[in-house]
Amino acid sequence: MDRLASFANDPSDKPPCRGCSSFLTEPYIKCAECGPSPFLLCLQCFTRGFEYKKHQSDHKYEIMTSDFPVLEPGWTAQEEMALLEAVMDCGFGNWQDVAYQMRTKTKEECESHYMKNFINNPLFSSTLLSLRKAKDSRVAEGAIPFKPCDDPPRPTFDSVLSRDMAGYMPARADFMEEFDNYAEWDLKDIDFVDDDSDVLRALKLAVVDIYHSRLKERQRRKKIIRDHGLINLRKFQMLERCYPKEVQELYDVMRRFARVVGPIEHDKFIESHALEFELRREIRRLQEYRKAGIKSFCSAKVYERVKRMREDERRKRTMLCDVLQYIQDGRACQQWLSKQAAIDAGITPAVTTITVSATGRRSAPPLNLTGLPGTEKLNEREKELCQVVRLVPGAYLEYKQALLNECRRQGGLRLAQARALIKIDVNKTRKIYDFLIKEGYITKA
């Protein structure tokens, strides 16, 4: 495989000869002792005994060539690579164009060789199976527990790291404040004496059994937090943002079921759905290409470029409809002109509101959401709302979730209840409440 990795159809893709700086053509010489960067020589410089710095003419060498069969006689390594590149460029099944790009094989030869050696070859399927098993074993053995000689981190009390870890103390494998932290209070006054009646003794034993069950629940929750890596919540959230928005929503829904399965099974479940989402999106894209009559990836690139140009032109044409409703309002017209200038400059138009208070002072400019965490989880209307009310996306998502949970619990929500839940400016609360009502996220009580 190392020999095949350095070959290409274009000689300019290889490093030049270290002796004469000319482009290398096969066969050429590679020094087996100089490294780590390859020391390559053409045949002319090799026969002259070219030496440079640490390279000596008596070093061991390798003859680099692709003129040898790999999978079956009659097909050289150069032709194998050309076949794979042609299938990638022209598409699977387009054997006429594949043969035309190769120029050394017919359409029937390309199809039979590819199907025999790359599709129906049992060697490749077994190799992929063994690689998948090896990957699974590496994942299963990835968790490395602390050894007695290890020195875990010891964040100071009320430090940033301690707050991020929810008060977890790795050296003690314990939390500063446990779940059901006051469970021991029910036992502090219990004392077993000899003159207790049977009923009183049974009552005390029942209290002890209840305390044991609360301890078991505390240990169960602590084990879930450790196994699923929830102690470092910020790192967990960064890993979650690697998925597309649709998979993130699934992650939020399925997080409550992580307690009934192991961490590896839960991660495999999410990864499988992420893979399914990617495959479905790719299938839809390929179906769109086929519906448009496209049969090669080269044509697909042209199609995507033309599609973007067509969408830009359509957006500019529909701008006239936006102008008509703003002609009577001078401030709204100025807002539209700023939006049009941003679109012509090729940047995302920001929502601008120019308002003047009763005292003659201008209000604060809209918030710039670029680079703020959580922006990718918002749709365009939610981004516009956050810019207008000057609310960071993370806080908006938290307030939205709180209002949704309360509305779902009570079957409806009033503005006074929303203001009691969200301790911010009442005007901002009203705008968020009205927006969620308008978009259909919540209903009025």
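One-based numbering along the chain as shown.
Every residue gets a Cβ built from N, Cα and C, even glycine.
Note: TrEMBL annotation is automatic and uncurated.
Note that this is a predicted model, so its numbers are computed, not measured.
Per TrEMBL, the features are as follows:
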type: DOMAIN; residues: 12-69; note: domain 'ZZ-type'
type: DOMAIN; residues: 70-122; note: domain 'SANT'
type: DOMAIN; residues: 75-118; note: domain 'Myb-like'
type: DOMAIN; residues: 358-445; note: domain 'SWIRM'
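Assigned with DSSP, the residues of the domain 'SWIRM' (358-445) fall into helix, strand and coil as follows: 52 helix, 3 strand, 33 coil. DSSP assignment over the domain 'SANT' (70-122) gives 36 helix, 1 strand, 16 coil. Mapped onto DSSP classes, the domain 'ZZ-type' (12-69) shows 7 helix, 13 strand, 38 coil.
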